[in-house]
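Some notes on the structure that comes next.
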Amino acid sequence: MHGNSLQYVKLSEHASGLIRGSAGAAGYDLAAAHPVVVPSFGRALVKTDLAVKMPPGLYGRVAPRSGLALKKFIDVGAGVVDPDYRGNLGVILFNFGCDPFRVKRGDRIAQLVLERYESPPILEVDSLDSTDRGDAGYGSTGVGNWHSALWEGFSSGDLKESFV
């Protein structure tokens, strides 16, 4: 009967329900159940006093709200809600702003986005197939050697005029 629904329980009278901002919203807004101050350049755990049960094959990703990121420099961290977790949903807020960020009870602080996942069997092997990329990581697929091109632009004077 409830198999494909996103189910939730309010763990206190301070919890808000899951709210979609619009009919086409990908996420469900999560609201703070208690007031919290996130210090400037600091972080805080904000409890929602909600427990959830995801439909089969889905997990929850706690994502930032774009307005908080743009206007208040607030971001969200460590945002995976495993489908078998039944505890109080907490949201880690990072404040990249110069002023403390005050969260009031009921403030929408993040959104819960449901995503499909797979859990294939795990197999330890002696080696992996080779690829053209190999073990090149961290920027290896970006635009060439950007720092050399930038330096050449500055040293030739081409870019200096853009910044004056």
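From the backbone N, Cα and C atoms, a Cβ is placed for every residue, glycine too.
On a predicted model such as this, the values are computed, not experimentally measured, just so you know.
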Recorded substrate site member, picked from Gly57, Gly90, that accompanies Arg65, Ser66, Gly67, Gly79, Val80, Val81, Asp82, Tyr138, Gly139 in Swiss-Prot: Gly90
Three-state secondary structure, Gly67 (substrate binding site) (per DSSP): helix
Asp82 (substrate binding site): tally of other CB atoms within 10 A of its CB: 10
Cα-to-Cα gap, Tyr138 (substrate binding site) vs Lys71 (N6-acetyllysine), nearest whole Å: 30
Cα-Cα distance linking Lys71 (N6-acetyllysine) and Asp82 (substrate binding site), given in Å to the nearest integer: 30
Rounded to the nearest Å - Cα separation of Arg65 (substrate binding site) and Lys71 (N6-acetyllysine): 10
